[in-house]
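Notes for the one structure printed next.
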């Protein structure tokens with residue numbers, strides 16, 4: 001039994017019948033087909049030959065394979081596993097993802113982190129109903145608890161970017177996930193103590209606030225330009241999956257095990273992710289480097305059950321935008337990467353994607369605000385489509401930071417996300433004020449949003465650029 005290890009630059013394909021091959025070293029084109037392989041392939045071939053005494057030594061190399069090394073240290077188990085009779089086998093690796101490039105494993109696990117991220121973000125939106133009932137919170141108290149998340153989220157954007165730049169995105173992401181997971185698991189313990197509860201939600205916001213910058217740093221350092229749109233879309237697409245998962249899991253968990261179970265289970269999921277992420281190695285870079293305002297306090301068990309049932313029904317509509325976003329994200333990222341691979345300027349691709357992300361919801365909001373006599377399900381469909389198409393931003397704005405400077409991408413994202421987090425704090429209050437003043441949802445909600453979408457489109461088309469900036473070379 002001989003064991004050979006081949007490292008090939010080309011792959012050779014022989015015809016089925018090769019009886020005369022060894023007697024004629026002048027091979028015809030139809031007898032031997034050679035085609036290039038972009039990546040070096042490692043093959044291990046075991047061969048048992050009958051009639052060893054009739055085998056003569058030859059120095060002819062007729063296959064065209066470059067043999068780098070010969071390994072004669074075949075183990076006894078290899079010999080026993082191969083039957084005589086000229087059988088040729090291959091040593092397959094298991095599990096199948098074992099040979100997957102490390103950058104793909106890293107992107108996959110990072111996307112899972114964002115799934116857990118939004119699960120822990122939306123869980124309080126569901127659990128706030130039984131919590132308000134149990135602790136007697138009024139709408140102001142419930143609003144305080146929910147808005148505290150955005151305090152931490154807004155304040156941690158810029159620090160998260162700098163920390164990712166200094167210590168690397170991987171470490172910051174690990175600490176962020178562990179922080180928000182532990183804080184989530186502590187919510188049931190601290191729920192009766194308002195300062196502690198608010199602090200726990202602030203910590204959840206801080207942990208989740210540093211994560212986008214950390215993930216951006218990971219992508220910028222590990223993913224080449226032609227794969228970047230898909231990587232960003234896949235990672236941040238986990239947010240949509242997390243929203244759907246959290247909104248679907250929370251109501252049955254609350255009804256069967258109590259509201260505490262939501263925080264315990266979701267927190268444990270994040271801790272489990274942290275432990276599993278320790279086994280994922282980071283690939284060296286191959287290039288240079290809803291605040292809800294409740295109208296009244298729930299005061300009876302009957303009203304609690306009714307509210308949960310109504311909430312469960314409304315969630316069927318609530319999950320439609322994130323579900324549609326998953327589909328749109330896949331198409332947008334593939335389109336963007338294909339355009340770049342075909343020579344379209346990166347800035348042009350980013351402008352196209354972000355313009356779609358801005359104008360689509362603006363058009364859909366305009367149609368929804370007009371009195372067109374449309375049935376409710378059509379209005380839902382229009383709004384769902386607009387929100388889903390806004391996912392084009394993952395292949396637009398969210399890639400621009402890395403295009404400009406892979407080294408400082410985390411800091412750039414921290415700056416933009418800090419500004420973007422402000423509406424999470426003041427948006428609902430402003431909407432309520434406009435609603436009280438105008439008594440019109442179209443004027444209080446849709447009109448300001450449409451205005452900012454259109455303004456953003458104009459500014460983006462005029463000033464956006466994905467050209468690498470000079471500060472990337474200056475430390």
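Cβ coordinates come from backbone N, Cα and C, glycine included.
In TrEMBL this protein carries:
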DOMAIN    106-475  domain 'Major facilitator superfamily (MFS) profile'
TRANSMEM  172-194  transmembrane segment
TRANSMEM  231-249  transmembrane segment
TRANSMEM  261-280  transmembrane segment
TRANSMEM  379-399  transmembrane segment
TRANSMEM  411-435  transmembrane segment
TRANSMEM  441-463  transmembrane segment
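Within the same chain, residues 102, 105-106, 109, 112-113, 116, 119-120, 123, 126-127, 174, 177-178, 180-188, 246, 249-250, 253-254 sit at least 6 positions outside the transmembrane segment (261-280) and bring their C-beta atoms closer than 8 Å to a C-beta of that stretch. The domain 'Major facilitator superfamily (MFS) profile' (106-475) scores a mean pLDDT of 81 in the predicted structure.
Outside the transmembrane segment (379-399) by six or more residues, the chain places 216, 228-229, 232-233, 236-237, 240, 317, 320-321, 324-325, 327-329, 332-333, 335-336, 349-358, 360-365, 367-368, 413, 416, 460, 466 with a CB less than 8 A from a CB of the stretch.
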